[in-house]
Amino acid sequence: MSWLFGLNKGQADPPPGLPVPPPPPPPAGGSGGSTGDKPKDKWSNFDPTGLERAAQAARELDKSRHAKEALDLARMQEQSVQMEHQSKIKEYEAALEQLKGDQIRIQGEERRKTLTEETKQHQARAKYQDQLARQRYDDQLRQQQALNEENLRKQEESVMKQEAMRKATIEHEMELRHKNELLRVEAEAKARGRVERENADIIREQIRLKAAEHRQTVLETIRTAGAVFGEGFRAFVSDWDKVTATVAGLTLLAVGVYSARNATAVAGRYIEARLGKPSLVRETSRFTVAEAIKHPVQIAKRLTSKPQDALEGVVLSPSLEERVRDIAIATRNTRQNRGLYRNILMYGPPGTGKTLFAKKLAMHSGMDYAIMTGGDVAPMGRDGVTAMHKVFDWANTNRRGLLLFVDEADAFLRKRSTEKISEDLRATLNAFLYRTGEQSNKFMLVLASNQPEQFDWAINDRIDEIVNFALPGLEERERLVRLYFDRYVLEPATGGRQRLKLAQFDYGQKCSEIARRAEGMSGREISKLGVAWQAAAYSSEDGVLTEAMIDARVEDAIRQHLQKMDWLHKEAVVTAAQEGDGDSSRKMGFALPKADTPLAQEVIQLAEDAAPVTQEGGTHATQGKMEGTMPVNVAPDSIPLPVEGAESGGSKEAVLVEVEEGKNGAGGTPSQQDASLSVDSGAESGSKTEVPVLPKDGTPV
C-alpha cells in the first residue's frame, strides 16, 4: 500500500535477473539554495498530498459498505506484491548461482584448455627432444661406424703388410734352402760317383756271390720238395686202404652237396606252396602264416564262421538267380562228398556281379577263393610258365578246396591259331591247358570275360557250365537302387556318426523312379551312383541330401552312361566294317542296350542294317531286351555262346549254341550253306531250334 502514501513514486521496479542498484548516496553538499551549508532534513522532500489522498480514500472506504472487502483486497494485493518480490529475489539468487556456475564451468574449460595446450607443448617438447636424441645417437653410430671402418682398414693394411713380409721371408728361405739342396745333391752325386768308380770291382763280386747263393737255394728247395712229394705219392699209391678211403670221401662229399642243394630246393618249393602265395594271385581268402600272426582275430573268426548264402548281397534276375543257386548247391555238395568240381565260364557286360558271385560261391561252399587277372600273365614273359605251375601247385595243397577265379581271362587265353600272341604267352597258355586237362577235386576253375569268343578252342573244351550275367532289368535295378540307397545314404544318416542328413521325401517312390530312368546301367554303375549321393551330401554346407541333389547326380550318371554307349557302338560298327563282319555285337561279347539319345539310335540302326539276321519267331537278333540274351548271328568259327533262352514252361533259360561244322575242302571249315545254330533249350524241353548263321561275307542265309 505504499502507493497510498506516495512512497516509491516515480521509480520503476528493476527487471528480473539483474541486481538491484544501491540507493544513490546523499550529496556531499549543496551547491546553492537557502539552506546554505546546513544539511537537509529527511522530511524536506516529503509530499503530503499522498497522505491527503490516503486519508480521503480511508474516509471513503469507511463510508463504503465494501470497506472490509477493500481492505482484504488491498492486503491480498500487498501480499501478492510481496510474494512477487520474494520470487524475483529468488530468481535473482538463482541467476546469481547460475552465473557462478557458468563462471566455474568457463574457468574449468579454460583450465582444461590450458592443460591440453600444456600437454601438447610437453609432447612437442618431448618429441623434439627424442628426435634430437635419436639424431645424436645416429650421429654417434655413424661416427663409431666410420671409426670402426677406419680401424678395420688400418688393421687390414697392417695384416697385408705383415703377410707380404712373411711371404717374402718364406720365399727367401725357400730359395736359400733350394740352393743348399742343389749344392748338397750335387756334392753327394759327385761323391757317390767317385766311390762307385773306385769300388766297381768289389760291387761286381758281391752281385755274383748273391746270384750264386740264390740259385743254390732254389735248386735245394726243388730237390727237397720233389723228394717229399715223391715219397708221399709212392706211399699213398702203395697203400690201397688210403686210396679207397680217399675215393669214398670225395664221392660222399659230392653226393652230400648235390643232395643238400636238391633238398633245399624241394623244401623251398614245399614251404612256398604251403605257406606262401603265388605272385599271380591278387586276392585270396586262404591265409598265410604271416597273416595269421598279424591278424589272429580275423583268422579265428574266418575259421569259426558258418557258410554264407551264395546270393547274399547279389541281385540277379529270377531265372539267373535260380540257375546260379543250383550251381552253388551243387558245388557245396561236391566239396562235402569230395567229388570232381565243374569249371564255369561267366561272361557278360562289366559290373554285372561276376566277381562278387565267385566270392560268394566260395564262401557258401566252404572253399577258399583266389583271384588272378589275365593281364598279369603277359608281362611276366618267360617266367609265366613257372608262375602258372606255382599257382596250380599252390591250389592242389589246399585241403578245403580252392575256387580259382580268373578275371579278364581272354587277356591270355586267346586263340593260338588266329591271334597274334608271343611265344612266351603261348607257352603259358599251354601250361594252363596242361594243368586243367582233367577235372580236379582240389580246385574249381571259374573264368570271367567280356569277350568269350576270343577263347582258344581247348579252353572251351574245359568249360562245363556257361552262365550269362546280363544287364539288370527293371525289377533288378530297383532292388539294386534300394540296396545301395540303404547302404550309402540311410545307414550313415541314421547312424549319427557321420556328417550326413536326409531330407524328407518319399524314398521308395524315388528309388522306383531312378530304377526306371537307369535303363541299361550295370550294378557297378548303380553302386557308384549311391557313392555319388553320399559324396554330394558330404560336399554340401549343411550335410543334407535333398531330392534335387539326387536327381542331379542321376542325370549326370545317365548322361555319362549314354556317352559311353555311343563310344562303344561307334567302335563296334567301325571294327565290323573294317573286318567285313556285319555283326558288331560279337566283338564285345554281350548285347548292348539301346539308348534314348539320337546318336545312340543312329548307331544301333547302322548295326541292325549291317546284320539283318532273324531268329525263328521273327525276333531280330539285336532287338532282344530280355535278360540273359545274346545276338545269335555267330560266326561259324566262334565258340559256343549263350543266346536268347527259349520259352519253355513260361520261364527264360540260358541255352547253348552249338555250331554244327560242315566239311568244306581240305581246310575243314564249315560250309556257309550248311552252317546253322542248334539251340538246345535244356534237359527239360529236350527240343532243338535250328537258327540260320550269318556267313562272314554278310550274305543272309
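A Cβ is built for glycine as well, from the same backbone N, Cα and C atoms used for every other residue.
Annotations in TrEMBL come from automatic prediction, not curation.
Feature list (source: TrEMBL):
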type	residues	note
REGION	1-65	region 'Disordered'
REGION	107-130	region 'Disordered'
COMPBIAS	107-121	compositional bias 'Basic and acidic residues'
DOMAIN	340-473	domain 'AAA+ ATPase'
REGION	636-701	region 'Disordered'
COMPBIAS	669-688	compositional bias 'Polar residues'
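Looking only at the domain 'AAA+ ATPase' (340-473), the predicted model's pLDDT averages out at 88. The DSSP breakdown of the compositional bias 'Basic and acidic residues' (107-121), given as helix, strand and coil counts, is 15 helix, 0 strand, 0 coil. Each residue in the domain 'AAA+ ATPase' (340-473) gets a DSSP state, and the totals come to 56 helix, 29 strand, 49 coil.
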